[in-house]
2 protein chains.
Amino acid sequence: MTPMEMALEEARAAASRGEVPIGAVVTDAHGAVLSRAGNRVEERRDPSAHAEMLALREAAVLRGAKHLTDATLWVTLEPCAMCAQGASLFRVARVVFAAYDPKGGGVEHGARVFAHSQCNHAPEVVGGVRESEAAELLRAFFAARR
Amino acid sequence: MTPMEMALEEARAAASRGEVPIGAVVTDAHGAVLSRAGNRVEERRDPSAHAEMLALREAAVLRGAKHLTDATLWVTLEPCAMCAQGASLFRVARVVFAAYDPKGGGVEHGARVFAHSQCNHAPEVVGGVRESEAAELLRAFFAARR
């Protein structure tokens, strides 16, 4: 299973818990999985419990180091500004995301967190990996709630 | 003691733990303190353990609700993009900060998180409250480390 497939699995598991279906995985330089997480905003009643933040924090705990300089963050949706700045603070090497998020995204849209001279660590960004599956998961989730 | 004085106290306590001196307080509509926190990045080896994130999360836990729509976040330094987006996600009414941060700030500088049409909750912002004391704390902390 590729890291993005694993992130999609976390997204589906999040949906089954009544959470917006977003999943994230952190891998090391060799592609080994350090952590995986799904959205837990509703369960924890914590709007900051985004999949990315949970996965980044868990990877750093596992490593016993606050910086993940060789790591890649895989996530099923373009990170918001909070998670994008989080990825920068954890110093990840790369952010790979699936669906673009014109409304809430903070990487390619809105705040464009990595695009400012003030951003002192801008990870490499790859968007659109398994885009349609991730977008369909979100679409189906919100359609079922309407 | 005003909320900002309390936040400055948290910042001084953070410095005494070897943390960058930044403190935050969350108050309700009546000015009652819901939570207070200092930076814990080094202690927890967690780059996301900024004072604001800790205080916001604690206030929501205390309330048993994920939104803090009547709350004010007081913080001794202009929030970074992560914390600014966090304040938006927690739906705080106001963000009051002391020192401006041209390098790392994400409210009046850089990502300017609240200034985009995508930001679906932009708190009222007041900057510069007790600015010189907060800035002096940071200056002294970094001077002592050089």
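Backbone N, Cα and C atoms are what each Cβ position is placed from, and that goes for glycine too.
Heads up, TrEMBL stuff is auto-annotated, nobody curated it.
According to TrEMBL:
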DOMAIN    A:1-108  domain 'CMP/dCMP-type deaminase'
BINDING   A:His50, A:Cys80, A:Cys83  Zn(2+) binding site
ACT_SITE  A:Glu52  active site, proton donor
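There are 31 other Cβ atoms within 10 Å of the Cβ belonging to the residue listed as 'active site, proton donor'. Annotation note: A:Cys83 (Zn(2+) binding site) sits in a helical segment as assigned by DSSP. Within the same chain, the residues at least 6 positions away from A:Cys80 (Zn(2+) binding site) whose Cβ sits under 8 Å from its Cβ are A:His50, A:Asp101, A:Gly104, A:Gly105, A:Gly106, listed in sequence order. Of all the Cβ atoms in the protein chains shown, 28 others lie within 10 Å of the Cβ of A:His50 (Zn(2+) binding site). Distance from the CA of the residue listed as 'active site, proton donor' to the CA of A:Cys83 (Zn(2+) binding site) is 6 Å.
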